[in-house]
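Asker: Summarising the annotation, Swiss-Prot assigns signal peptide to 1-18 and lists sequence analysis as the type of evidence. Annotation source Swiss-Prot lists N-linked glycosylation site at 71, citing sequence analysis. Feature annotation from Swiss-Prot assigns disulfide bond to 272-282, 281-340, 309-372, 313-374.
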């Protein structure tokens, strides 16, 4: 019995001096276990362009508050897309997402898209159908993006057909009201006089900000408008119901709402390319092509640089995260560890059709990876 006790004491003493030798017998296996535990929570997205693209598709629909991608045919797009100066300017001068992240700033923007410009097309209303003598236009239905944001600009755009001889045109915008006792059903909004020369037709814009603000305060007063543009011979030149060859010449409203200023902070990271041998957390290029997966409802951009993060987050490099390092040292197998994730993201501007056929120019936050880091 005494010899057995002595043997046990000697064995325990050797364990204390030598340490847990069984854990060190295969150092390579231990290293692999620790590396596997570094980023269990986000390994699905590393080194996977496909996962990044699928995530982008989900994010865009979510941030635009769309349950599914709008189903708009190419023919419908040609009919709905106004051939108008403000929209053509957005398309022609569209700044496809720049890869300019040299300043290293990090934007804290909201999750949902911040709308800047909304193009609203006219629709029919029950009131217009009940009016005797069909009014020459237009009822505009306003989305929540207009109703719950501060309107800074509202322009009604109308197209005037070309004339054969020089003439003066008298443009009048009337607001429909409920019939009064004397039979009046219109009240004037704006009127203007302009000179037209022979040649092509022209687009004319009219400020309707005050009217729009009143409509938003009292939605029941929004019964529609009538548009008249009479030349000296009494001919109406305004395109209110487009005929053959007049697709894209419908009247429409261009509404601009406020954008929220963002705060910023500093951050830096590594940039790599597809041929890089860098194993640490790094930003890699990735271009998303909307046409490639059939999203014709996005007018612009047709593609943009999204980028993605990939790489290892070794604890030896984590001076930036001492608390994480200490947790890992205390429990290396129980700690999930830091992940290679975006630390700076920037928005993209997008011109698109929503589910109601409205054309919206908005800013979608956090769609471009500008910096990557371990966190």
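Think of each number as a place in line: the chain as shown, counted from 1.
From the backbone N, Cα and C atoms, a Cβ is placed for every residue, glycine too.
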Asker: Can you grab the distance from residue 313 (disulfide bond) over to residue 282 (disulfide bond)? Cα atoms, rounded to a whole Å.
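Answerer: The Cα atom of residue 313 (disulfide bond) is 10 Å away from the Cα atom of residue 282 (disulfide bond).
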Asker: Among all the protein chains here, how many other CB atoms are within 10 A of the CB of residue 281 (disulfide bond)?
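Answerer: Looking across every protein chain shown, the total is 26.
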Asker: Checking the contact step here: among the recorded positions 71, 272, 309, which have a Cα within 10 Å of the Cα of residue 340 (disulfide bond)?
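Answerer: Those close enough are 309.
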Asker: Which one is it: of the disulfide-bonded residues 309, 313, 340, which Cβ has the fewest other Cβ atoms within 10 Å in this structure?
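Answerer: If we count Cβ atoms within 10 Å for the disulfide-bonded residues 309, 313, 340, the smallest count is at 313.
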Asker: Have a look at the disulfide-bonded residues 281, 282, 309 and say which one has the shortest Cα distance to residue 374 (disulfide bond).
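Answerer: Closest candidate to residue 374 (disulfide bond), judged by Cα separation, is 281.
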Asker: Taking 282, 372, 374 as the disulfide-bonded residues to compare, which has the smallest set of other Cβ atoms within 10 Å?
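Answerer: Comparing Cβ neighbour counts within 10 Å for the disulfide-bonded residues 282, 372, 374 gives 282.
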Asker: Which secondary structure state does DSSP assign to residue 372 (disulfide bond), in the simple three-class scheme?
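Answerer: In three-state terms, residue 372 (disulfide bond) counts as strand.
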Asker: What is the separation, in Å, between the Cα atoms of residue 281 (disulfide bond) and residue 71 (N-linked glycosylation site)?
Answerer: 39
Asker: To the nearest whole angstrom, state the Cα distance for the pair residue 272 (disulfide bond) and residue 372 (disulfide bond).
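Answerer: The Cα atom of residue 272 (disulfide bond) is 11 Å away from the Cα atom of residue 372 (disulfide bond).
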Asker: Kindly assign residue 272 (disulfide bond) to one of the three DSSP-derived states: helix, strand or coil.
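Answerer: Coil, per DSSP.
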